[in-house]
Amino acid sequence: MVEKDIYMCAEIIIRPQAYNLRLLQKENLKKMSVCSSTPVPILSFTERAKSLTEIQQAHAFMLKTGLFHDTFSASKLVAFAATNPEPKTVSYAHSILNRIGSPNGFTHNSVIRAYANSSTPEVALTVFREMLLGPVFPDKYSFTFVLKACAAFCGFEEGRQIHGLFIKSGLVTDVFVENTLVNVYGRSGYFEIARKVLDRMPVRDAVSWNSLLSAYLEKGLVDEARALFDEMEERNVESWNFMISGYAAAGLVKEAKEVFDSMPVRDVVSWNAMVTAYAHVGCYNEVLEVFNKMLDDSTEKPDGFTLVSVLSACASLGSLSQGEWVHVYIDKHGIEIEGFLATALVDMYSKCGKIDKALEVFRATSKRDVSTWNSIISDLSVHGLGKDALEIFSEMVYEGFKPNGITFIGVLSACNHVGMLDQARKLFEMMSSVYRVEPTIEHYGCMVDLLGRMGKIEEAEELVNEIPADEASILLESLLGACKRFGQLEQAERIANRLLELNLRDSSGYAQMSNLYASDGRWEKVIDGRRNMRAERVNRSLDVA
């Protein structure tokens, strides 16, 4: 009966959409006796927790019932929290670890491993130091995980010190530790040391060789990687995939294809690597060929990465029929359209001229991310549907998504297409004041172009003055064009002079001013401009009417 009550209360905690913590109090948890079987239900729920909030609620439950004082239960809570990839959740797992009276090695290792796989791997060293100061000395897993963290941030010095500590610890040499050491030294650029560690290993496996192989390729040392690949005593499919990806990154598609064709066994990563190789150099027809061959000859099924790459190729080629076939394939195999896949589908239909279909896919996508919103906003803008793009932007904000720099390029371009100057001004101001997005040259370019088209030359000049001089030239050229359209010769002279100050040998200022003077019949100015160009040795042919 006690276990049933605990199970019910765990259900209340883990399902906040149906219950809340106030209902917990009504269950009189304080009156419940905690037996040896009590941790099982709450821990099974904790293992299924998918968010920081749910883990925090499970933690609160354990504190309230006294389960947190049980080392096994507390350690399991930390381990479950540490498996969540969210940085805040890993940090929370660390905070729980620091509150456990006598944490064991498993608990420390869970947090060290979590940080090693996170965006802040250097924090793993902090946990490792805390472990050294405690009663439990690191084991071989502790060393493996903390060395993996050093490899992640190329911490050569830290890795060297931990290597020394491992030797002094008297722990039996372990292939996992030594593989990680090879990776630490290799990723830090110390290839000679990495090779020495590899050569001294009493037992080497494919992972040992791959640790150095991947380090070479990460640094762009393709020739050295190939020499090592040819020397390898043992290869696995990952070894071949590394070489294909390395050649692809270097733009060596022919070499990548040779390795791909020589593979004894391929997995989905192999096919994706070959697709990426062709996409990287713009060979989109070949992307589709590899995809079709994968469907015909391979037991491997395309994954989300494959489909995104193929849809991007269809978009670049304008191949609507192939893109539609991929869409049918996705639906037929029950693949959920979300995130990058949704974005790729929206972009494909838009670039193939089917903006209505792009909007339909967007509306049907239940799990959107910022990239999906950005894609449809940009696509609507390109198709001249500026007002629709701004309506989508309003929906995006209303649904709680935070716009980024790409979002604002899309909405400012939309304003530009429909001539909505006041709305553009408001959005440009909101970028930094509300959404903390600093404007870049692209955002300034949208505003300067719109202001120029509306004849607001002086306001546009003020914006250009906020930009670093080395980026201002292209916007000043745009303004010169606007001056020509509106016949504003005085402003044009001022802008041209500034353009020439930035780059005396750039002929664009002379050329546009010569055209302006010619259109105004001021031929003496045209002649003076040509003389100045010769004086500055600017080679530019001018067509003067």
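The backbone N, Cα and C atoms fix where each Cβ goes, glycine too.
The feature repeat 'PPR 1' is assigned by Swiss-Prot to 104-138. Taken from Swiss-Prot, the feature repeat 'PPR 2' applies to 139-173. Residues or ranges marked as repeat 'PPR 3' in Swiss-Prot: 174-204. Among the features that Swiss-Prot reports, repeat 'PPR 4' is placed at 205-239. Swiss-Prot lists 240-266 with the feature repeat 'PPR 5'. Taken from Swiss-Prot, the feature repeat 'PPR 6' applies to 267-301. As annotated by Swiss-Prot, repeat 'PPR 7' applies to 303-337. Look at Swiss-Prot and you will find 338-368 tagged as repeat 'PPR 8'. Feature annotation from Swiss-Prot assigns repeat 'PPR 9' to 369-403. The repeat 'PPR 10' annotation in Swiss-Prot covers 404-434. Residues annotated as repeat 'PPR 11' in Swiss-Prot: 440-474. For 475-545, the entry in Swiss-Prot reads region 'Type E motif'.
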Long-range Cβ contacts under 8 Å made by the repeat 'PPR 5' (240-266), restricted to residues 6 or more beyond its ends, are 210, 213-214, 216-217, 220, 222, 225-226, 229, 273-274, 276-278, 280-281, 283, 298, 300
Given the repeat 'PPR 4' (205-239), its same-chain partners at Cβ distance under 8 Å and 6+ residues beyond its ends are 175, 178-180, 182-183, 185-187, 189, 191, 194-195, 198, 245-247, 249-250, 252, 263, 265-267, 269-270
Over the repeat 'PPR 2' (139-173) the mean pLDDT stands at 89
